[in-house]
Structures are given as structure tokens and as C-alpha cells.
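The structure under discussion appears below in the form of C-alpha cells.
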Amino acid sequence: MSQDTEVDMKDVELNELEPEKQPMNAADGAAAGEKNGLVKIKVAEDETEAGVKFTGLSKEELLKVAGSPGWVRTRWALLLLFWLGWLGMLAGAVVIIVRAPRCRELPVQRWWHKGALYRIGDLQAFVGRDAGGIAGLKSHLEYLSTLKVKGLVLGPIHKNQKDEINETDLKQINPTLGSQEDFKDLLQSAKKKSIHIILDLTPNYQGQNAWFLPAQADIVATKMKEALSSWLQDGVDGFQFRDVGKLMNAPLYLAEWQNITKNLSEDRLLIAGTESSDLQQIVNILESTSDLLLTSSYLSNSTFTGERTESLVTRFLNATGSQWCSWSVSQAGLLADFIPDHLLRLYQLLLFTLPGTPVFSYGDELGLQGALPGQPAKAPLMPWNESSIFHIPRPVSLNMTVKGQNEDPGSLLTQFRRLSDLRGKERSLLHGDFHALSSSPDLFSYIRHWDQNERYLVVLNFRDSGRSARLGASNLPAGISLPASAKLLLSTDSARQSREEDTSLKLENLSLNPYEGLLLQFPFVA
């Protein structure tokens, strides 16, 4: 048998063994070669073994089972557990609400309570002698905005001929400084930056007596009432009067002017200034008029020790009671004119963290001094950059200018901005309680706290050598205590600030460098 015959026989056997693989419609001759179109049919092995399907309980059977004692008891048990759990959660919520400490009601806050005030007594010295006066001030509003100040105390800028009351017009702007339209534009621009304008209306600011002669008091009062109404209609947010100690019947006039100011809106501010550092005289002025801010030389009457500064602050707060305070070292001068250079950073920290409104003069954020060579002592030029002070015969150091300090993270300007930002957003610093801590004569330390908000600890070293602070908390009220450690937010020592910022410092033996102030933060603990 040939090889071809054997292949054919195998095909026949496969076709006989697997008929299901044959094409259903193939011709006889093509059946052997067709490989597609095959159909496989699976036949159940045993159709007779199909089981009976379970259709579940009928309605009658289900009701019978559900009504059995076992299921009834189960349902009642589950229902009882549900309601007991619900009542337990309700009771727990009530207990939490009842036992939780009550939040203190927030005090009424006006805009001058929420940040610092910035004084520009000499407009041309601030913007530059040839910078356009009031119009030039508009270009510096962005800079003031970065300082986070809430109000700008401007002037005096009204027409005043030295010691001539008839040539003094409190309603008109000195034409060398700008026009009424320039001032209205300034008001609108400042409003967009959320900066309020307070106008200084000290009448005879270029003369010997700021309020003219005592016999002319009635004439001054009449002019003042007319001017107040006029400027309020223009949109001014408040007024400042300096040297009120030289004004006859000052309490009477201040009360009258306050009524005029408040009649238009409660959101208007009145500021009085005095060169006096006598606490009783200051209190007498404050008691004459409600909601009055008073700037004075009270804090400059210091021997610059921690003990002396603490005494001044606590006596002032005790004497003024619940009345809102303001803090400055003078009614118009620069901080550096009254405070030594090595304490400027310390006093910035102090003024921003005491309860009340801090008041600064232009240049205080830089450490500007009034006695620089080539500058008038009462009105130093604002050092925007090296070329802006062309009257000085020698170059100005870069770190004395706004430009230079802007670029220095350890500068006095940077510290001012950080403190101003904290002062404006932290409730404990905005309107929190104040408690002085016992410490050594070289230190002044205190706590600011409000309800359940973050608390702040301020420690100031007035000594020219390092100190370890042992803080006594025995005089703190119930519910207030010092923690074992606190987070360092700010140090007036720029080297330490960059090295230890946001680190936790132990308070048991807190170490301070010479003339260093620390601002520390710790949380409320129920």
C-alpha cells in the first residue's frame, strides 16, 4: 500500500469518528478539505436529573414565621437597641455642649482698634521736596499698605500764616502742597487700600502758640466747628489736635468737637496730643471725652529698665481702666529721637503688643533719626533710596533706606511689617487681656490672651548683657498658666531669628541676648 493510500484511510477514519466536525452543507468531494463552519452540540448527560426549583415561602407561611415568639423578641430587641443608641448620642451631645467652655463675646472693634496709625507731619519731607505734595503721596500708598497700617494721620496741611488768625483757613489746603481736588483724589485712593485718613487741624502749626492767644479761643472754636463739618462731608475719617495742653478749656472743646465728629458716624476718630508725661494730666484729658485717643510723652519718661517700663505700663493701664489706649513715645516726634538705637527693635515689639493702638511717625519703621547731617531736626527727609536725600553731603548707607531694608530679611523694616501683620490678625493681640509676669529688674515680660485663642508671651531684656529669664506666674488669674515650652515667633536679634524661628523654647530657663525681645506663642489648653 502506498503512502497516499494510508493518508486517505486515516481521513476516512477521522470523518467516521468525528462526524460533528463535518460541514453541514458541504459537498462530498469538499468535505475532507473543509476546516471552517464546524458546530459543536453539547447534550445534557441526564435531562431527567433536573432538580426542583425552590420558590420561597408563601405569604401565609411568611406571616406565620414572622409572628413566631422568637422573631417578635428579636425585632423588639433591635428596636430597643436603636432607640437607646440614639438617646445615648443625644445625651452625649448635650453634655459636651453644657460642659464646653463658653466663648467670650467679642468687643466692638472700630478700624483704629485693628492696627497701627502712621503719622506724616511734614508731607514734603515724606514724599520729597519736589515730589508733588498731596499728589505725590498717592504714589506711596502702596508702601503704606505693605506696612499694614490702618490709618494715616496727615498734616497739618491747611492754610496758616504764622500767628495770624485771620490769615488761617482751616477749610483750605496750603496751595504749596496741593489742591482740594488732589486731596479728594487721595481720599479715594486711600479708601481702595483700606487706609483711613485722619487730618491734623492744629490751627497755628507754623506759629509760636499752636492755638493762638488765649483771648482768641472763641474765634478758633468757631473756625474749628465750621472746618470739622466741611472735612467730614468730604470723607475724612477723623481729626488730630496737638498741644491740647495749651488750649484753654481743652476738655470742653474736645467734647464738643467729638460730638460733631460722632454725629455723622460712630466710625470717626478724634486724636489729641500733648507733650506732657504726667499721668494725672493725661487721665484728666482722657476722662473729658469718650472714645478719644491721646498721644503723649508718657513712655519717653523712662530710665530704660525693665522694672521702670513695667511700672509705667501697669500704672497707665490701671489708671485708664477699660478705656481704649494708644501707645507712642511722643505726640509728633520720631521714635529714634527718644529711644536709643540699641532699643529701637525692643520698643517696636513693645508698642505693637501692648493693649491699645500703636502710633508711629514716618521713618520709625526704618529707625530714622531727626538729627542726620544736612537735615532739619523736626522734619527729616524720608530715605526712599540713596539718591532721594540729596541734601546730605555724604552718601547714605544702603541699610538706612527703604530700598535697602526691603531687601534685608533681618532689617528693622521687616520686623515692623511682621509685627504689624500679627497685631492685625491675632485676637489675643487685637483685644486680649494683659497680665504682667514677675521677673528680674532688667526684664519686662507679660502675657496677652483672649478666650480660647492662641496666647502670646513677650519677654524684653533691657540689659546690655545676656540674661536667663525666670518667669513668675503666681499673679496670673485662674485658668491662665505658663506652659513648659512655647514657639518662638519673633526675636529682635536677627541672627537668632533666622536660626531659631518657629522652634520650641523651654521657659524654665529662657535665655535672652543683650537688648533682645522675644515674642512667643503657645496654645489654649482647656
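Even glycines carry a Cβ here, placed using N, Cα and C.
The compositional bias 'Basic and acidic residues' annotation in Swiss-Prot covers 7-21.
If you look up Swiss-Prot, you'll see LYS42 marked as ubiquitin cross-link.
Cβ neighbours within 10 Å of LYS59 (SUMO2 cross-link), excluding its own Cβ and spanning all shown chains: 7. Residues or ranges marked as SUMO2 cross-link by Swiss-Prot: LYS59.
The annotation N-linked glycosylation site is assigned in Swiss-Prot to ASN166 (among others). Cβ neighbour count for ASN166 (N-linked glycosylation site): 8 (other Cβ atoms within 10 Å of its Cβ, all protein chains included).
Among the features that Swiss-Prot reports, N-linked glycosylation site is placed at ASN259 (among others), with the record citing experimental evidence. Using a 10 Å radius centred on the Cβ of ASN259 (N-linked glycosylation site) and all shown protein chains, the other Cβ atoms total 11.
Close to ASN263 (N-linked glycosylation site) in the fold, though at least 6 residues off in sequence, lies no residue with a CB less than 8 Å from its CB. In the three-state DSSP scheme, ASN263 (N-linked glycosylation site) falls into the helix class. For ASN263 (among others), the entry in Swiss-Prot reads N-linked glycosylation site.
Within its own chain, ASN301 (N-linked glycosylation site) has SER277, LEU312 as residues 6 or more apart in sequence whose C-beta sits under 8 angstroms from its own. Marked as N-linked glycosylation site by Swiss-Prot: ASN301 (among others).
DSSP gives ASN318 (N-linked glycosylation site) a helix state. Sequence-distant neighbours of ASN318 (N-linked glycosylation site) (same chain, six or more apart, CB under 8 Å from its CB) are absent. Residues or ranges marked as N-linked glycosylation site in Swiss-Prot: ASN318 (among others).
For the recorded site, ASN385 (N-linked glycosylation site), the DSSP three-state label reads coil. Neighbour count (other Cβ atoms within 10 Å of the Cβ, all protein chains): 13 for ASN385 (N-linked glycosylation site). Annotated N-linked glycosylation site per Swiss-Prot: ASN385 (among others), in sequence order, evidence recorded as experimental evidence.
DSSP assigns ASN399 (N-linked glycosylation site) to a helix. The Cβ of ASN399 (N-linked glycosylation site) has 16 neighbouring Cβ atoms from other residues within 10 Å, across all protein chains displayed. Positions annotated as N-linked glycosylation site by Swiss-Prot, on the basis of experimental evidence: ASN399 (among others).
Swiss-Prot lists ASN509 (among others) with the feature N-linked glycosylation site, giving sequence analysis as the kind of evidence. In the three-state DSSP reading, ASN509 (N-linked glycosylation site) counts as coil. Sequence-distant neighbours of ASN509 (N-linked glycosylation site) (same chain, 6+ apart, CB under 8 A from its CB) are SER468, ALA469, ARG470.
The annotation topological domain 'Cytoplasmic' is assigned in Swiss-Prot to 1-75 on the grounds of similarity to another entry.
According to Swiss-Prot, the feature topological domain 'Extracellular' maps to 100-526.
The annotation transmembrane segment is assigned in Swiss-Prot to 76-99.
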Let me know the DSSP-derived helix, strand or coil state of ASN301 (N-linked glycosylation site), please. coil
Reading the DSSP string in three states, the entry for LYS59 (SUMO2 cross-link) is helix
Consider the glycosylation sites ASN166, ASN259, ASN385, ASN399 and say which one has the Cα lying nearest the Cα of LYS59 (SUMO2 cross-link). ASN259
Between ASN166 (N-linked glycosylation site) and ASN259 (N-linked glycosylation site), how many Å separate their Cα atoms? 26
